[in-house]
Structure formats: C-alpha cells, structure tokens
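> In case it helps, TrEMBL gives these features for our protein:
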BINDING   A:Glu43, A:Cys62, A:Val369, A:His419  Mg(2+) binding site
BINDING   A:Cys65, A:Cys413  Ni(2+) binding site
BINDING   A:Cys65, A:Cys416  Fe cation binding site
Amino acid sequence: MGSVVEVNPLSRVEGHGSVKVYLEGGRAERVELCLTESPRLFEALLRGRSYAEVPEIVCRICSLCSTVHKVAALRAVEDAFKLTVSRTTQLTRELILHGGQLQSHALHLYCLLLPDLLEVKGVADLAREAPDLLKTGLKLKQVGNLIQEELGGRLIHPVNITLGGLGRRTSRDTLQRLADGIEEILPSCLQALQLFRRSLPFPPLPTPHYLALATAPHSFTGEEFQLDALPGMPVSRYREVVSEWTVPHSHAKSARVAGMVPTVGALARLNLSQAALPGEEPLREALVEVQGQDIRANALAQAIELCRSALAARLLVEELLEHDPADTGRPPHLTPAAGSGTAAYEAPRGVLIHSYSFDASGSCTAADVITPTSLNHLALEENLWALAQALDGSEPALLTGSLERLVRCFDPCISCAVHLVQL
Amino acid sequence: MENSAYLAQESLQQFLDTLGGFGTLHAPTWSESGVSLFAPVRSLDEIDLGYRRTQIPPKKYLFPFRDTFLEYREGHYRFPDGTSPATVLFGVHACDLEAIAYLDLVFLSEPRDPRYAERRAKLLLVGISCTPDEYCFCSEPQGSARCDLFLEAREGGFRVHAGTAAGAAMLGAASELLQEADAAPSGRAPSCLIPAQDPARAYSRDPLWDEFARRCVGCGACSACCPTCYCFDVRETPGLSGDGSRVREWDNCLFPSHGAVAGGNFRPTRLDRLRYRFLHKYCGFSPLEGRSSCVGCGRCKELCPVDIDLRELVAMPRGETEQP
Amino acid sequence: MTAQALEPYLPFAATLVERRELSPDTALFRVAPEPAARSALSGFLPGQFMQLSVPGAGEVPISPADLPGADGTLELCVRRVGQVTTLLHQARPGQPLGLRGPFGTGFPVEEMTGCPVVLLAGGLGIAPLRSLLLHLVRNRERYGEVTLMYGAREPALMLFREELVGLAAAHGLRLYLTVDFAPEQAAGEYACAVGLLPDLLKGFRFDAGQSYTAVCGPPPLYRCLIGELTAAGVAPDRVLLSLERRMRCGIGRCCHCAIGTKLCCTDGPVFRLSELAGIPEAL
Amino acid sequence: MNKPSLAIAGLTACSGCQLTLLNCEGELQEILERFQVAYFPMGQSDPDRQARYDLALVEGAVSTPGDLATLFHFRNASRLLVAFGTCALFGGIAAQHNRTTPRPKLLEAVYGNGESRPESFPPAPFKNFVSVDAGITGCPPEKGELLQLLGAVLAGTLPAFPHYPVCLECRSRETLCLLLERNQLCLGPVIQAGCNARCPATGIPCEGCRGPVAEANVAQELELLLERGFSREEIERRMSRFTVEWDYGQRR
Ligand SMILES: Cc1cc2nc3c(=O)[nH]c(=O)nc-3n(C[C@H](O)[C@H](O)[C@H](O)COP(=O)(O)OP(=O)(O)OC[C@H]3O[C@@H](n4cnc5c(N)ncnc54)[C@H](O)[C@@H]3O)c2cc1C
Ligand code: SF4
Ligand code: SF4
Ligand code: SF4
C-alpha cells in the first residue's frame, strides 16, 4: 500500500505551498511540490489597463520583491515606448534595488534560514535563543528597508519610482543618512559570510544549470541571459528559449530554458558573473567557495551578495550625491503609442522577466511575467526528489524536515510563482 | 534707540543675520514641489519677500499638526521632556499676525495652554507689508502692531517698527544697520478681521447652504489651512511595553467624526458641519462669542477644491472690516 | 497647589477602589484621587463633570454620581459603550486612573434654595441627577418639595432603584419610577409604572411657577419634556438641562462640544433653557 | 501578565501585510517577547492549529474555498480577528475586476480550460463572511498603525485610528495639491488617511490604496475629476484598483 508524507504548510517561506512524498512500500516513489497560493489572476487584471497603471498593479504580485517587479515593469513599458531615463533615475533605481536585495537576503538569511542552522523553529525562538544574531540580521534588513523607503516613498510597493523618472529626487540629507546607515552595517555583512558558510548536512545534490543575466557591475539588468556555458541569449527573444507549462498539482507554472532545468538566484549569479566591485577583497575566498556548488551553497551566495549590495549601495549613494543637481529625474510627458517591450532583472531570488504589449491608446493587450520561482520550480522538484531518494527509509519526521529545509535553500517566493501573467 | 527706524534694502541680509542671533530664522520660501511655506532659511535669496500666502499658516509653530503632549508609564501621566527652540519668524503678513493674536486669546486665557504658551514665548514675530491679491478679503492693512517687529515697505527699504521689548532689543542689536526713521507710520493699521455675523444666519434657509453641502468634499483644506482654526482631537497611543502617549492633532469640523459620540453624531450631515464652521469663523464661540475669527487671508477660498466661500452667504463686500 | 492648578491637561493620579454592578452594562466606580488633588475637588457642584483617563485607551467626560465623599473619593456611574469605558469596566481595584476637573457649570444649588425641585431623568441621565438629588437630600431643609421622575427602558436597566426608594421613604421625596416596558414582574421587586416619562409628566401637578426642574437623559427626551414643562408654566430660566456632546479637552479649547456659539464644556453641561433660545441644534 | 497568543496568516494576497510585521525591525524582538506567537507559518515552523488565539492578524482577500475555511477557522479560534490590510478590508487589488469580468473568464485566461484550473470565486473582503473586530488598512499597511494595534491589544483595548481623508495629511505636510495645481487624478479627498500622504508627498497622486474614508463625497470627487477631463471609465478604473464597492452616486 502506498502512503503519502506531507509537509503542509511549508513554513518560513513566502507564500503558501506544500510538499508531498508518495511512498510505496517505504520507498519514495514520487515528490510533488504544490504551490497552493490562491491565484490573483494578474493577467486578467492587466488587460485593458493603461500603460501607466501596469507597473502599479503588477508590483502587487509580491511584497517581498515589489521593488524589482515595479522596476522591471517600468523598464518593460519604457522599452515599449522607446524611452530612456536620466542618470539620476538610473542610479536611484539601482540603489533602491540594492536596498531591496539587502532587505530580502537579510530576511531570508536571518529570519527564515538561521533557525535551521541553530535547530530552532523560527523567528520567535530566535528572539529568545539568539537575540543578538537576530538583532544583527534585523539591523541589516532595516538599512535595506531604509533605502527602499527613502527612495521609494513607501516601503513595499514603492511609489516614487515611476514611469520615465522619479516623483522627486532624493535629498542630500537623506542620502547622507543612507550612507551612514550603510557604513554601520558593513562589518555585520562580512560576519554573515562566516555565519552562513555552514552547509546543511545533506548528501550532495544535483549540480545545477545556472541561469542569470549578464549584467554590468552593481546593475541588476542586462540584455542577455547566460545559461551555464551556453552563448548569450538576448532578453528580447526570451520566448524562444523559455518554455512554460502548468502542472496539475500546483497553481504555479514550470519552465525549462533551452530544454534544460535552470537554477536561478544568488548562487547562479555568482557562478556566472565575475564583475567585482572595489573593496570586495574580503569576499574573494567565499566567492571561490560557491563555484560549482549545489543549492546548499545558496545561503553563502546570498551572504556574499549582502556584502556586495552594501558596497554597491555605498558607491551609488556617493555617485548620486555628486551627480548633476539639474537632473531631477522628472518624468517626461508621455504620449502612448502601440508597441511591445521586455525587460529582465535579477530579483533577489533570480531572473525575472516582464513583457508587455500596448495598442495605440496605450492600453495593455498582452502581458507576460516569468518569475524566478517558476524558473526554479523544476530544479526544486528535482532536488527534492534526489533528497527523498537519498534519505530513503528515514523517519518521516527527518524526511519532511530535510525536504522543508531544502525548499528554503531556494528562497522561493510562492506568491509570485503563481501569479504568472500571460495574455 | 527709537522704536522706529529705517532699514535700507541693501542691509536686509545683514539685518537677517542679526535676527538670527535671537533664534533660528524662519521665513516664507518655496518647497521643492512649489508650495509657499514658512521654513528655516539661511539667506535672503531663499526668502520670497513678495509671497502671497503660505499654504499652512504660522499656527504650525505654536500648535503643530501632531503633538505628543502627555506620556504615561505605569499608569501615571506626565509631560514629555524637551522644550521648543527659540525661533524668529520673519515676513509674516498682518492677517497672520492678527490670527496669532486671536490664537493667543484662545490658548493663553486661563487656564493657559502650557504647550502653546511655551512655544509662543519662544516665537519672535517679524511682520512685513503685503500686496493683497484676488483671494484676500481684508482691507489691505499695511501695518500691524501685533508683532515684535514690523517691516513696512518704503522706497528702497523698510520702515521698521518695534512693538515689544523683544522687538526693541532686535532693533538695538541691529542699530548699526539702521537709519533714522523717515516719515511717520502710514496711519493706524486697521484690523484684518472681517465683521462678526449674526448666528441666526448660520441657520438660514439660503439655498446656497444646500449647494455648499452638496459640493463640499470634506477634504478639510479650509480648516487645516486657516490661520485661526484650532480644533483638536486627542488620541491615546499605547506602546508595546506598557507605556504610551497622548497625542493631540488638528481636527476639522468638516469631518464626520467631529461631532460623533458613541451611538450617534451631533452633526450628522455635511450641512450641519458647514453651519458649525460658519458659526466658529464668523460668530465666535464662547467666551469669544460675538467676535469673528476670520482674518481675511483668503486661504480657504484659494484652496477649496470646489470653490466654497462661506462669506457668500452673507454677501460681505470686500474691504468691509471691523475695528476691534 | 494641586497638579490641576498647574497644568490643565495633566490628569492627577487616581486609583480605582471599588466597583459595583448596577445593570448589565453599567457599573458604579469608586475612585480615589491622590490626596494632593482633594482641594481641587472641594468646590465640586452637582452637575459638573470630570475627565477620566484610563491609561491605554484615553479620556472621557463623566459626571460624578455624587459629590466627593469625606475621604475624597468620587462615585462614577459609567456605561460600557466604547473603548475607554470598556477598558474601565475591565479594570480591577488598584488600577491607576487619571482625573481632571471638575469642569463646567453645575446646577445652581444656591439659587434653587427655598424652591421645589423636580428632577427628570431618563436612562443613564440619572448619574448627574443623583448627585443633585443627594445634595438636596443632605440639605433637605433648604429646599422645597423634591420630586424625582425616572424612566428606564426596562426594570433590569433601572439604576439605583433600591437606593432611590430608600431615600424617598427616609426623606419624603416624591418618587416616580417608570419603564418603557416590563417583561415580567418578578416577585419581590418594587413595583414601577409602565409608560413614558413625558406621559407621566402630563398628569403631574406641581407648583410650576416656583419650581426648578432639572433634566438629563438621552437626546430625544429633552424635546418632549420641555414641551410639557413650558406648557405647565415653568420659566425657561428654571428649566435646567444637562447636555452631552463629544468632548476632548473639557476646558473650551478643542471645540467639539459647541452648541451654537456656546461650548458645552464651559457654558454647560448644565444649561438653562433660556440660554439655548435660537439654537436649533441644541435639543 | 499572560502573554496574548498571536496568529498571523494570509489568504489571497502578496504577503505584504505579513512582511510589514517583519519590517518592524526595531520593534520585532519586543513584539515576539510580548506575544506568544502561536501561528505564523511565514516566520515560524510547526504552527499550532489547535490553539485559541487572543489576536489573529489575517491578510488577503477571500477567493477560494480554502481561504474561506481558513477565515472561519480564525474567526472561531480568535478573540480578536483583525482584517489586516486593504485586501482583507476591501477586496484589494485582486478584486478590481469583480464588477466587470466574470470569474470563469479570468481563470480561463490564465489556466486555460485544463484540469489544473484552481477553484476560485470573486475575491471579497472579510466582512462579507464574518464579523471582524478591527482593521488595519493599507496596501501595504503602515508599520506605525500595526504597532499601535499591537500596543493597544496589549493594553486591553483597540487603537483609535483617525477617520479623515488623505488631503488633511497632505495639506499638513505642505505639499502641492496635485488635483488642483497639476490636474492629476488624485483620489486624496475620498481616501482614508493614515499614510501621511505618502504618494502626494513624493509628487505622485494618491491611488487610493487605503480604501474609502467614512462618508466620502464620492459623487463630488467624480465631478471634480470629470471637470479635469478624465473619462468616467478611467476614473472608475482607477478608483476600483483597491476597492470595487464604490457607490459613485454617494454624497453622504
Ligand atoms: C458632560 C458629560 C458627562 C457625561 N457623564 C457620563 C456619565 O456619568 N456616565 C457615563 O457612562 N457616560 C457619561 N458621559 C458619556 C461618556 O463620556 C461617553 O459614553 C464616553 O465618552 C464614551 O467613550 P468611549 O471611549 O467608551 O466610547 P467610544 O465610542 O469608543 O468613544 C470614542 C470617543 O468618542 C467620544 N465620545 C463618545 N461618546 C461620547 C459621549 N457620549 N459624550 C462625549 N464624548 C463621547 C469620546 O471622546 C471617546 O473617547 C458623559 C458625557 C458628557 C459630555
Ligand atoms: S476646503 Fe472646501 S471642500 Fe474642503 S472641507 Fe473645506 S469647504 Fe469642504
Ligand atoms: S494632492 Fe491629492 S491628497 Fe493632496 S490635497 Fe490634493 S487632492 Fe488632496
Ligand atoms: S497616498 Fe493614497 S495611495 Fe499613497 S499610501 Fe496613502 S492612501 Fe495609499
């Protein structure tokens, strides 16, 4: 007789999901990852909405990555209208994305993942058992959020970054405060490298096919994808390489890229990009350590990116402070025209693609959003399967506990995974 | 030192520097988004001497939008620590000075409002002549005695007059910049107050009342921006560790909550609330009954999104003013 | 000097001493102010109100149901209706509270000497009138005939019933109790009439020319009663109305309690009918 | 004092409200100390589904049978149920098409006609199904209001949030009125304040993320915007972004 072992709900991940392991005579037969978040049908919400509304609505796909969703959507719309933005706007967007990455990685590492390393159940236990570590993590998160709130005007679903520009340019005083905040957390960022070097006690997992964007240093966007050693694929032709389909047991879609099962996120980025920032010598050892690793090294990769984001944010603040005061970032007046545009960004969890088409009145006729979690979906299932097999015959509690930890390594963002948008 | 002197335009920057010695200098200037406001300034070129009206009147210095005025710990209330900084408010028009005088009547009568009194004592007022525009409904006063110093515009400079000892001290400190006063002041400054109205008008059947009640969006701009509106609400905010604070905040008679009590509302309709506003502005509440508190600054008229001007109900001709 | 004299917004400390249920939603709270505050309370007049703070929830106006006792304690009769009153109802003896006041006008007890007094209370309106009644009873010889007409919705909601009956017997008060409806008269309960206060007043004979009347109750009650009283011939300046409005400061600043151009907190809460002439919204 | 037990859960939502709790970095440790966190899958494993909760903060709209079951569970198991965020209070972003497009059509657009189509109905606010004891509005909610609620619950009461429109806070911050001065489609006059006019203060019109203010003069706002050249269709689209249930004729 077959039986099912279930992890439901998956905890300490963002959104609702569960894992089912089907056992046959005590052996793992099949693993299913069910992302059960209630769908909000964003595609239908976007149909007929004006180009100006699309980014405002679509950023609500997910709170954790609302900033990068917003920026990606803005870029995609701007691409459709062949609009370029001023340097102030560019810098502000880059800086706020680093804020977003800081906050997201700090949250994931210190609130969601750290309990696994310390063998406790969660953030409430951390407050009791490791208050100082939690405090450090929260401080990192706070500085990330400070950047997001000051630049975005609102912490989640930022308002100040808008189509073609900014509501208003960030003041010097504010930037100065951000610089102070960043300076304060740099040492803690470096400590995170030590803390998250510890790997989970799992048997080795499949070696991933890394997928990331080719980006300039401290940028989150690029024109080409890189998939392992494959030659660059232009973002504008992403449809030719990404194939997506729905699976019966889950509300999310799964994707393959160029026929392969991709892994996106911090680990993939660090394996594919060599762009170094000034001042990042202390990261070198850790950078070497994550090369060619399986997903267990994603935590260390995130810790490295935590440092990188702090360093990059410091540089960006300086550049913004010095940049031409006449460039206010005021958005230009837009006249809608028919067109399509695509933009790809590196969200904290990996590659994110937004693509839209508009008719002559600027009304949205087609929308497509591919989220990092759908790109990771198959890899996650493969890893779960591998782990379930390796742990064959173990206690169900050990099995489910390990599977859940594995899910967390991917830092999945379930709410975004099920809000795929395609018209 | 005389109480009056002449200040040449060229000496104004130095004069401001001198005033800066008496407190942080605030003056009419422009916000980044293009709003006229009183804010800290460092030099003359940040000041808009010819400004018409600031969006928020100087009352914000005496009675801020939100003010924590009590704290409690373990069930016992106390005043929060900290005092307000000395401030020199430069460039206040006669109507706004009149308004502060009115607020003084409200808050400094017994029992004195300690928060207001403390801030008022630290606020030095420097008035300046104005040029009325189409929104103003005062009688073009050129001077005011309700301040520490008043700068009356003259050819190439100002006739500066000290109305208080503090004003005289400021003049004294700036004596090197000043010359002998020219001619006498331009007559007695009339009050800006518009005439008080008969409360019966608030209950009149004028169809304009219904029209106003239909239109008013209840945004609260008219009261928030009125230099003599001072209704406040009080809220208690418990903290996480058993302590808490009591905050007072500008309230607004156009909001439904203004007259609401458990199980009912004493001013349930917008019409009731507009009538209240009329009464408070033009008829005065006890103990200032029979006194208008409208100083004619024109803010409510300019800022109302639906062009409500309650004075239309009494068809007050422009310039008809009351002598206090 | 008390804290009060120094700072009008700073509540002086008080402690909840005792609480007694009066009805399912109303209780009598005995509150002891800090000793330093007693002098501020010494001039208290029936009909005046206090601002009661329950830390955490805020401050509400309450008219004490009796003059301060010899030990300085106050009796507050409070109905549970919202945030502050609910938190008060949950409080245990020893709970720190805050008090400011007394504020407002009270009943003109000096002016009323020698005259008959008719008290008309509806529902919770008995709270301020009880303090007037107790004053009249304690100075019985200085006043004429004292009548209390008190209407409640149903017998279970009638507050202080035994006490009122006892007072009536001991001090020769005319007492009329009435309820809007009576579900079932339980054995051993005092009888009370079924009917509305204005109807009761209709058949009531009294020296209207000489009497002072004091009214307190829910807003709709006033209009009906005033019709009856003026018809009976009570002079408008002898019709005393204790009114209620939203209040925040209690000292004439926050302006929520305006009634026409009057302020309920400083010109009231006890008004003479004559003062309210020409203010349609007053009643 | 006994620690009140706390549950935090989500229905159809972006998790932004739950994240707002985690975004209270300065206060989170104190919160975790003062409350006993009984149910919070986003931050703590082994959620206790059997417990009774003193306070349940539930975010999201109700759009699936599962959502409804969860909502009933928390209603029954909790002393205080708080509708946490705009979706819970007004339906939010996912409900914006409720009045215009039938649900099956929307589902088909995403999932086709295949078997993987999840069961779902038009997203609705909590109040359509259960009584709630308090609400924190906002998309996302303001940290300050969340902290006020938690403080009030610890003190045994509920917070006293103001009920006035965004314009008051906007004016008090001395920002430019976008409706009057820039002819922009600002919803400030009919939207509940409490965000300190975040959007207008950065030069962006209020998009209405905090839902309607009490007794809004909706009809007049509509007139104001029509006068400024916006089409009725555009105005309604914008107004329904976070709240579909507007009465466009309301003048109360
Ligand atoms: C002069 C005066 C004397 C009063 N005497 C008594 C009394 O003896 N016993 C008694 O039970 N009640 C009395 N009340 C009514 C009492 O003040 C309210 O029931 C109380 O304020 C409700 O507060 P809450 O926070 O529990 O209710 P909520 O409904 O939560 O009130 C919110 C806020 O609204 C205001 N508010 C609500 N209802 C009233 C009201 N009726 N009057 C004034 N403000 C209100 C309060 O400021 C309160 O903080 C009196 C009111 C006044 C004006
Ligand atoms: S400014 Fe105009 S619309 Fe706004 S509350 Fe005042 S009268 Fe009403
Ligand atoms: S910008 Fe919007 S919120 Fe601000 S005052 Fe104008 S209408 Fe109101
Ligand atoms: S201004 Fe409007 S859209 Fe912006 S945060 Fe406030 S309520 Fe939400």
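Positions of Cβ are set from backbone N, Cα and C atoms, glycine also.
Curation does not apply to TrEMBL; its annotations are automatic.
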> DSSP three-state call for A:Cys62 (Mg(2+) binding site): helix, strand or coil?
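Note: A:Cys62 (Mg(2+) binding site) is coil by DSSP, not helix or strand.
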> For A:Glu43 (Mg(2+) binding site), what is the secondary structure state per DSSP, taken as helix, strand or coil?
helix
> Counting every protein chain present, what is the number of Cβ atoms, excluding its own, within 10 Å of the Cβ of A:Cys65 (Ni(2+) binding site)?
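Cβ-Cβ neighbours of A:Cys65 (Ni(2+) binding site) within 10 Å number 30.
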> Highest Cβ count within 10 Å among the binding-site residues A:Glu43, A:Cys62, A:Val369: which residue is it?
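Ranked by Cβ atoms within 10 Å, first place goes to A:Cys62.
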> Can you count the other CB atoms that lie within 10 A of the CB of A:Cys413 (Ni(2+) binding site)?
30
> List the Cα distance (Å, whole number) between A:Val369 (Mg(2+) binding site) and A:Cys65 (Ni(2+) binding site).
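Spelling it out, the Cα of A:Val369 (Mg(2+) binding site) and the Cα of A:Cys65 (Ni(2+) binding site) are 13 Å apart.
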> What is the interatomic distance between the Cα atoms of A:Glu43 (Mg(2+) binding site) and A:Cys413 (Ni(2+) binding site), given in whole Å?
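Cα-Cα distance, A:Glu43 (Mg(2+) binding site) to A:Cys413 (Ni(2+) binding site): 18 Å.
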> What whole-number Å value do you get for the CA-CA distance of A:Cys413 (Ni(2+) binding site) and A:Cys62 (Mg(2+) binding site)?
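The Cα atom of A:Cys413 (Ni(2+) binding site) is 8 Å away from the Cα atom of A:Cys62 (Mg(2+) binding site).
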